[in-house]
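Trainee: One structure, as structure tokens, below. Some questions next.
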Amino acid sequence: KGKCPEDGWDESTIELFLHELAIMDSNNFLGNCGVGEREGRVVSGLVARRHYRLIHGIGRSGDISAVQPKAAGSSLLNKLTNSVVLDVIKLAGVRTVASCFVVPMATGMSLTLCFLTLRHKRPKAKYIIWPRIDQKSCFKSMITAGFEPVVIENVLEGDELRTDLEAVEAKIKALGAENILCVHSTTSCFAPRVPDRLEELAVICANYDIPHIVNNAYGVQSSKCMHLIQQGARVGRIDAFVQSLDKNFMVPVGGAIIAGFNESFIQEISKMYPGRASASPSLDVLITLLSLGTSGYKKLLKERKEMFSYLSSELKKLADNHNERLLDTPHNPISLAMSLKNLDETNDAAVTQLGSMLFTRQVSGARVVPCGSVQTVNNYTFKGFMSHANDYPCAYLNAASAIGIKKQDVDVFLKRLDKCLKTFRKEAKQEKSINEISDANTTTEQLED
């Protein structure tokens with residue numbers, strides 16, 4: 001049926017299935033005589049076993065989704081993977097998605113492929129409207145495709161950074177809809193930025209007849225992000241949404257899923273990919289989903305949501321203990337942020353030093369964001385880079401509850417963070433005492449004089 005099984009398969013069943021696919025490829029035929037330039041020859045047995053002898057990759061020279069006659073097994077693998085992934089995207093919340101395909105590129109290059117496909121539909125367009133998110137790959141995806149990003153600064157609402165819809169519409173009117181390739185929005189992001197107002201942006205795109213591409217990098221694991229995409233497509237226009245394989249399905253980096261609500265447009269994107277492609281990302285995600293089954297993946301999604309609540313409550317307690325606060329970002333379902341105001345006021349370098357201390361203590365993924373850092377990316381200068389705003393009110397630390405996180409991860413992180421912050425407080429007290437003694441000595445000397 002091309003759907004993800006409800007209950008996961010055991011490893012021996014999956015391996016048997018992959019071997020059955022592999023023997024359908026011509027390079028594994030016993031009497032095969034290959035005289036072409038690409039015959040699936042692999043000199044290392046270790047490499048052959050690593051790929052289950054599925055050597056031909058996916059697609060043909062003109063279409064990444066096309067069937068290869070001499071690689072029936074690899075072609076079937078590709079078709080099944082795309083079908084199973086589509087089923088899981090529906091299960092995760094985007095029920096009306098029409099089509100998707102796995103592409104052996106990470107999210108940034110997959111977005112670039114979408115933009116290049118739109119170029120043929122809108123040859124006059126040179127601008128992409130982009131509500132700001134300080135993450136290099138999604139910004140560079142537009143530059144690499146040859147377009148000019150039009151950065152829309154976010155609006156501060158409480159602690160949250162949200163989409164400035166008025167600025168988006170004003171810029172569309174100023175530039176002219178025909179000169180705009182698309183609106184490039186984002187769902188999953190680092191707090192205190194929250195997912196874009198997808199429904200409202202989708203309506204704007206429909207009203208002005210402008211394509212809408214959504215960067216849904218790690219949004220499949222969030223029912224809220226997937227609901228935003230579903231609602232955006234229902235009330236307005238979303239042409240494609242792109243998500244990472246590694247972040248959502250816990251496989252090695254190197255693949256993404258491009259999905260959409262118009263099957264012909266998704267096929268156009270797949271045909272834009274030049275040549276054949278590696279089957280590794282497709283193989284990895286198929287093995288993973290067959291081993292999990294829908295019940296296993298649902299369980300992981302449920303556990304992630306529970307861990308988000310736990311991380312949120314425990315990080316709030318820790319923040320209160322250190323006279324800081326957990327920033328109020330209710331619209332962000334994955335990432336949290338804790339202020340570092342006291343640390344920032346104590347010492348300019350203390351915020352970045354905290355990041356180094358956490359990393360050397362084997363805490364990975366936590367981001368510390370100082371105030372006022374400036375960074376240039378492809379000749380565009382961003383003030384307050386990493387904070388998604390020119391002047392965010394305070395320095396802060398990010399932590400995320402992503403799929404696969406365990407209670408132990410949260411507990412160890414909080415313990416190490418608490419220890420690092422206590423170290424800073426101790427040093428600050430010592431410095432204060434030294435300054436007070438110094439001031440007292442100076443006063444005594446003045447009295448003696």
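A Cβ is built for glycine as well, from the same backbone N, Cα and C atoms used for every other residue.
Pasting the relevant annotations from TrEMBL:
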- R38: pyridoxal 5'-phosphate binding site (BINDING)
- R60, S61, Q68, R276: substrate binding site (BINDING)
- R234, R361, K426: tRNA binding site (BINDING)
- K247: N6-(pyridoxal phosphate)lysine (MOD_RES)
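Looking at the shown structure, what environment does each listed feature sit in?
Mentor: Counting every protein chain shown, 10 other Cβ atoms lie within 10 Å of the Cβ of S61 (substrate binding site).
For R234 (tRNA binding site), the Cβ neighbour count at a 10 Å cut-off comes to 12, with all displayed protein chains included.
Within 10 Å of the C-beta of K247 (N6-(pyridoxal phosphate)lysine) there are 22 other C-beta atoms, taking all protein chains into account.
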Trainee: Express the distance between the Cα positions of R60 (substrate binding site) and R38 (pyridoxal 5'-phosphate binding site) as a whole number of Å.
Mentor: 12
Trainee: Using a 10 Å radius around each Cβ and counting other Cβ atoms from all shown chains, which of the binding-site residues R60, R276, K426 yields the largest count?
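Mentor: Of the binding-site residues R60, R276, K426, the highest Cβ count within 10 Å belongs to R276.
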Trainee: In sequence order, which residues at least six apart in the same chain have a CB under 8 Å from the CB of R361 (tRNA binding site)?
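Mentor: Same-chain residues close to R361 (tRNA binding site) (Cβ under 8 Å, separated by 6 or more) are R416, K419, C420.
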Trainee: Here's one to test understanding: among the recorded positions R38, R234, K247, K426, whose C-alpha is closest in space to the C-alpha of S61 (substrate binding site)?
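Mentor: It is R38, whose Cα lies nearest.
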Trainee: Compile a sequence-ordered list of residues in the same chain as Q68 (substrate binding site), six or more apart from it, whose Cβ lies below 8 A from its Cβ; state 'none' when nothing qualifies.
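Mentor: Within the chain, Q68 (substrate binding site) has Cβ neighbours under 8 Å at H56, I58, G59, R60, S74, S75, R276.
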